[in-house]
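If you look up Swiss-Prot, you'll see 1-23 marked as signal peptide. The region 'Disordered' annotation in Swiss-Prot covers 80-188, 470-512. Residues or ranges marked as compositional bias 'Low complexity' by Swiss-Prot: 86-105. The annotation compositional bias 'Basic residues' is assigned in Swiss-Prot to 106-115, 497-509. Annotation comment: Swiss-Prot describes 116-139 as compositional bias 'Basic and acidic residues'. Residues or ranges marked as N-linked glycosylation site by Swiss-Prot on the basis of sequence analysis: N147, N360, N395, N557. According to Swiss-Prot, the feature compositional bias 'Gly residues' maps to 477-496. Taken from Swiss-Prot, the feature disulfide bond applies to C515-C581, C544-C613, C548-C615, supported by similarity to another entry.
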Amino acid sequence: MRAWILLLAVLATSQPIVQVASTEDTSISQRFIAAIAPTRTEPSAASAAAAAATATATATATTALAKAFNPFNELLYKSSDSDSDNNNNNYKNRNNNNNNLNKGPRNNKNKGNKHSKSDANRQFNEVHKPRTDQLENSKNKPKQLVNKTNKMAVKDQKHHQPQQQQQQHHKPATTTALTSTESHQSPIETIFVDDPALALEEEVASINVPANAGAIIEEQEPSTYSKKELIKDKLKPDPSTLVEIENSLLSLFNMKRPPKIDRSKIIIPEAMKKLYAEIMGHELDSVNIPRPGLLTKSANTVRSFTHKDSKIDDRFPHHHRFRLHFDVKSIPAEEKLKAAELQLTRDALAQAAVASTSANRTRYQVLVYDITRVGVRGQREPSYLLLDTKTVRLNSTDTVSLDVQPAVDRWLATPQKNYGLLVEVRTMRSLKPAPHHHVRLRRSADEAHEQWQHKQPLLFAYTDDGRHKARSIRDVSGGGGGGGGAGEGGKGNGGGRNRRHQRRPARRKNHEETCRRHSLYVDFADVGWDDWIVAPPGYDAYYCHGKCPFPLADHFNSTNHAVVQTLVNNLNPGKVPKACCVPTQLDSVAMLYLNDQSTVVLKNYQEMTVVGCGCR
């Protein structure tokens with residue numbers, strides 16, 4: 001009977017009715033009663049016991065009433081969509097000062113007919129699952145019993161709304177409730193206004209936090225690529241850029257135009273290939289060619305010349321004496337000759353001679369002369385100037401190298417007096433002519449051209465073009481090293497600060513922005529020079545780029561002046577600029593190519609690649 005009276009009292013009031021989605025749960029009845037309770041004062045122990053007993057009896061009566069015929073079944077089984085629309089309409093009507101408070105429930109009734117009772121019960125059970133985290137938070141808050149119950153009622157009602165509508169109405173509902181000054185407010189609205197903790201929770205819940213907000217971002221390492229990857233993935237420059245690159249390289253190579261040659265008709269001597277490999281730092285097992293030009297440490301160019309056949313050669317019919325002629329006009333006049341050597345290849349002796357024990361023990365003497373004056377038949381003998389002599393054995397030496405620098409110097413000074421060289425082979429015991437052909441000047445009839453190219457006599461001229469600069473004190477002493485950590489592969493301690501054990505540079509989080517060496521690969525095929533440049537096909541020039549932060553660490557390979565400049569810039573940026581990231585040490589690149597006269601040239605170009613970077 002008390003339950004019927006309670007429901008009639010609710011219908012008689014002019015305030016909005018808080019709708020309950022289901023009456024089969026006794027906790028919902030308790031929330032319903034607590035929501036419409038007119039008082040908020042803390043009840044005494046006796047009052048609390050009486051209220052609990054009354055609530056239990058009321059809940060039992062309400063449950064029994066819901067199972068029987070009830071004219072308010074449609075109202076009690078309204079869907080969550082109608083509840084959300086009802087609340088939204090109530091808020092809008094209140095902001096517009098609309099006193100028609102019964103319009104919302106009437107509209108909700110029409111919308112509620114679209115949903116079945118089974119769907120409403122299923123959705124109601126899914127929404128009202130126990131929330132352990134909310135109950136634990138509510139226990140820690142020192143609030144009144146009524147406020148706790150009302151807060152749960154508000155949350156249950158808000159959970160009826162779909163997720164998208166709930167996110168859209170979070171902020172408008174909060175603003176409307178906080179700014180509303182009307183006197184007609186339901187108990188739920190009053191609780192919503194007076195509970196700041198609930199409003200704070202709604203604002204926090206409305207913030208969208210990315211899923212990876214707490215993830216740790218690992219430090220990215222600088223990208224490194226192999227030379228094959230750089231060649232494969234590099235961008236082709238436009239034609240105008242190619243012309244500029246070609247002009248710059250021609251100026252660097254001291255050429256007016258690229259040589260036009262037929263590469264198929266030229267064979268690179270094996271001696272030049274070995275010399276190139278040795279200069280590039282490769283270890284070779286059998287290299288017994290003296291290189292006097294390299295001992296000067298200033299020759300940066302090596303040229304090879306082959307023997308030019310002439311009718312004069314017929315005047316030397318004997319196998320132990322022969323004439324060699326080399327055309328050295330292709331050597332520029334501005335280059336200074338540092339050394340010159342003659343390389344002779346000895347043919348294998350006959351099997352009978354090799355098998356002879358005495359022949360294996362026999363030593364031979366090779367002599368080379370500069371023909372300073374030709375002879376006239378019947379009038380005068382030719383004049384010779386002994387240049388060098390070498391002693392060789394049959395079973396030990398395959399090549400013979402002789403120093404002929406005085407003769408080449410005379411040829412460069414007076415080209416018209418280049419009469420060639422005279423080579424003579426004798427035995428050491430009797431100083432008689434050697435009985436076997438040790439050196440050949442012409443290709444045999446049954447010998448391939450390529451085989452003869454590797455065996456023919458060669459003249460090597462070592463010159464210096466004077467374009468390279470003298471090494472500084474820092475480079476010679478090793479203090480100008482490769483830039484340490486700033487140079488990526490540089491050698492030496494760097495910065496002139498020689499230390500026995502230099503500590504490893506500190507790793508920066510954004511180390512790509514600091515001064516360091518970057519890759520810059522130059523491919524000769526891009527400018528169409530791969531037809532006359534034998535080796536290498538390209539090279540990595542590198543470049544320096546990055547910031548010089550304050551304070552300058554040791555691995556930045558900085559000078560004392562750069563340290564002072566950085567300090568002054570940090571104190572007064574407008575007075576002096578920051579230190580710049582520049583190359584601190586450069587290295588040379590050896591190139592093997594062909595010139596216009598089809599001469600094989602091995603040139604060591606100075607300051608072509610960056611070894612270390614630093615702040616200067």
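In case you wondered, yes, glycine gets a Cβ from its N, Cα and C as well.
Structural mapping of features recorded in Swiss-Prot.
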residue	record	Cβ within 10 Å
C515	disulfide bond	28
C544	disulfide bond	22
C548	disulfide bond	23
N557	N-linked glycosylation site	33
C581	disulfide bond	22
C613	disulfide bond	32
C615	disulfide bond	29
Between C581 (disulfide bond) and C615 (disulfide bond), what C-alpha distance do you get in Å? 5
Taking only the Cα atoms, work out how far C548 (disulfide bond) lies from N557 (N-linked glycosylation site), in Å, as a whole number. 11
What Cα-Cα separation, expressed in whole Å, is found between C544 (disulfide bond) and C515 (disulfide bond)? 7
What is the separation, in Å, between the Cα atoms of C615 (disulfide bond) and C515 (disulfide bond)? 7
Simplified to three states, DSSP reports C548 (disulfide bond) as coil
For C581 (disulfide bond), the three-state DSSP class is strand
